[in-house]
Amino acid sequence: MAHSQVAYLIPLKADLKEDESSPRITLSEGPNIIGRGNVSIADKRLSRKHITIIVSTSGSVSLSVEGTNPVVIRSSGDGERKKLKPCEKVLVSNDDLIELIPGHHFFKLVLLSTESRGSHETPAKKARKGEAQGVNDDDVEAIRRFVPPDEKLPSTFRLLSVNGLPDWANTSCVSINDVIEGDVVAAILSNYMVDIDWLMSACPKLANIPQVMVIHGEGDGRQEYIQRKKPANWSLHKPRLPISFGTHHSKAIFLVYPRGVRVVVHTANLIHVDWNNKSQGLWMQDFPWKDDDKDSPKGCGFEGDLIDYLNVLKWPEFTASLPGRGNMKINAAFFKKFDYSNATVRLIASVPGYHTGLNLNKWGHMKLRTILQEYIFDREFRRSPLVYQFSSLGSLDEKWLAEFRDSLSSGLTEDKTPLGPGDPLIIWPTVEDVRCSLEGYAAGNAIPSPLKNVEKPFLIKYWAKWKANHSARCRAMPHIKTFTRYSDQKLAWFLLTSSNLSKAAWGALQKNNSQLMIRSYELGVLFLPSPTKAQGCKFPCTENNTSVVKAKQETKDEVEKRSKLVTMSWQGDRDSPEIISLPIPYQLPPTPYSPEDVPWSWDRGGYTKKDVYGQVWPR
C-alpha cells in the first residue's frame, strides 16, 4: 500500500489546459496503478490496469505500460513525443505530459516539492530554502513555535497539556485552571462524563463560584452519586433524549464575569485521564456585555447559532447576582446580552430529533453543508482531500459516508465553481499505537469502537495512521475530534468538535432528503478564512487583565485580505497578520495504513503482546 502523497496527475483538455471537470489523480510513494476507472469518459481502449507509475523515495518516477494499447509521453523539456508499447518502461519527469491513448486522455505529471512530502534534510537547511509552503516531517518539535500572540488567541485553538511529555511539548497548551479563572459569578459546565471528585480537586476555583449548573449525560447511578457529592450551590440537568441510543455529548463551558462571558468549546470529558493523558483540543473567546446606552449590534451568525442551541437544552433557570447589574435569571435568553460581533468561529451543533423544513439545515452535517456551500475558498482547495479524525466509530454504510462527504465537500471558488468532492481519509489509532501509548492498552477504553463497526470491508481504503511527531503526541492517544479539508499545510476550513463519525452525532437524511434524524447532542467550532479586519481583537473577561488588545490599523489595501489557515508545520511567515496557525496534532498529509497495520477495536480480544505496563488485552 502507498505511504504518502508525492505527486498528482492533472487532467488536461485537448488544448492542454487543465480540465477542471475531471478529478486529479493522487500518486503516492511506490506503485500506482492507473486505468479505466481514473478517467471521466468511458473508453474501452483503456485497460483497468493501463499503466503503472512508480515513485521512489528519492523522487524518481518510472512509467510502464500494462495494457494492450500504446501510451505517449511528451517531454516537458524539448516537447519530444515518445510512444511506449505494451510492457515498455521509461523514466518520466515533472511536468511531462502523458497521453493514455495517443492523442486522447491527457494528463500532466506534477511532483510535490520535497518540503510538501517530507525529506531527510535538517530543519535548518529547509528553513534556509525559504519555502513558504509544505510539511517538515523532521521538525518533530514544531509545537515549540506555536506561540500565538494575544490578539490571535481567539482565532485559533489550543491543545490540552499532557502529563509525561517534555515541557516543550506543552508549549501554549492549557489545563482546566487556565480556563476557569478570575472572578466568575456563574458557570455552566456541559459534558458527557463528570467525575466530581476529580473536578473539585483539579479545579478548586469551582467551589468559590456562587452558581454552577452542570449539564451532563451520565446514567442514573452516576447522577445520583454526583447529586450526593456536589456543593449546595450546584445544580444538575440532563437534557431530554427523545430518540433511543442518543447521548448528551457536547463539551462546553460558559463562564459569566462582571465584564462579560467566556465561551469554551472543547473535547475532554470532565475526568482525570481526559485532561492529563490524551490528545485533546480547546477553543475559547471572551465577549463583552452589549452597551445598553448605544444601539445594540445586530445579531451575528455566532449569536444565532449559540442561542438556538442553548434554547434546546432547557435547563431550569437559576438566578445569579451580578455586580452592578443585580440579580439576573440565567437562561438561554440571558446570553443575548453579550456582543458576539467579534466571534472568530461558527458553531456547529447537533440536537436530537427529526428535523424538517427550516430546521433541516440548522443542525448536524446539514448545518456544516449550509455554511460551507455559500463560502468562497481559494482555488487550490478544488477537489482537495478531507480528513476525518475522531475517537469512536459508529455503524456506518457507504450511502451515509457519501452523504457526509457531500456536506464536507461543499464550497465555492471565486468564480462560483464548486470545490467538488474530496477523497477522505480516516485517522485512527492502530493496535500498536494503543499498546505503546502513555496509558498502554487502557487507552483503548476511550476508543470504544466494536469490531463489527471497524472491520467493514469498505472502510479499508480510508484508514490512515495517527502520526504526531511534530506535536510530540504519538503516544498520547486522541480523544480530540477534528474534520478538515487541506492542501499541503494549508487548510480550507477546520472543525474542532465533540462529534465522532456516526449517524447519531451528525444526523442521517431520511424521507427523500427532506428530514434529518439526529440522536445526540454535540457541539463544535468551525474555523474559516475571514477578513483580516475581523482578526486580531482580544477582549479579556478576567479581572487581572483589564486592557483590550486591539488590531492594528489596516491600510486600505489590507482591508479586503482574508486570513489563511495553516498548520503548525507550515513553513512560511507566521507573523503575517493574515496567517492563523492551528495546532493540528496529527501529520498532514496522513499516511495510509500498511498491510500490517490493524485498526484498534476494543472488543477484538487476543492482544497478547504486552503493553508498556506489562498488561495484555483484555485484562
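Just so you know, glycine gets a Cβ as well, placed from its N, Cα and C.
As annotated by TrEMBL, active site, nucleophile applies to His249. Cβ neighbours of His249 (active site, nucleophile) (same chain, under 8 Å, six or more residues apart in sequence): Tyr192, Gly217, Ser498, Ser499, Ala505, Ser520, Tyr521, Glu522.
Within 10 Å of the C-beta of His479 (active site, proton donor/acceptor) there are 24 other C-beta atoms, taking all protein chains into account. Residues annotated as active site, proton donor/acceptor in TrEMBL: His479.
Summarising the annotation, TrEMBL assigns substrate binding site to Lys251, Lys481. Lys251 (substrate binding site) counts 27 other C-beta atoms within 10 Å of its own C-beta, drawing on all protein chains shown.
Positions annotated as site 'Interaction with DNA' by TrEMBL: Ser502. Around Ser502 (site 'Interaction with DNA'), the same-chain residues at least 6 positions away in sequence with a Cβ under 8 Å from its Cβ are Ser392, Leu393, Gly394, Ser395, Leu396.
Across the structure, His479 (active site, proton donor/acceptor) and Lys251 (substrate binding site) are spaced 12 Å apart at their Cα atoms.
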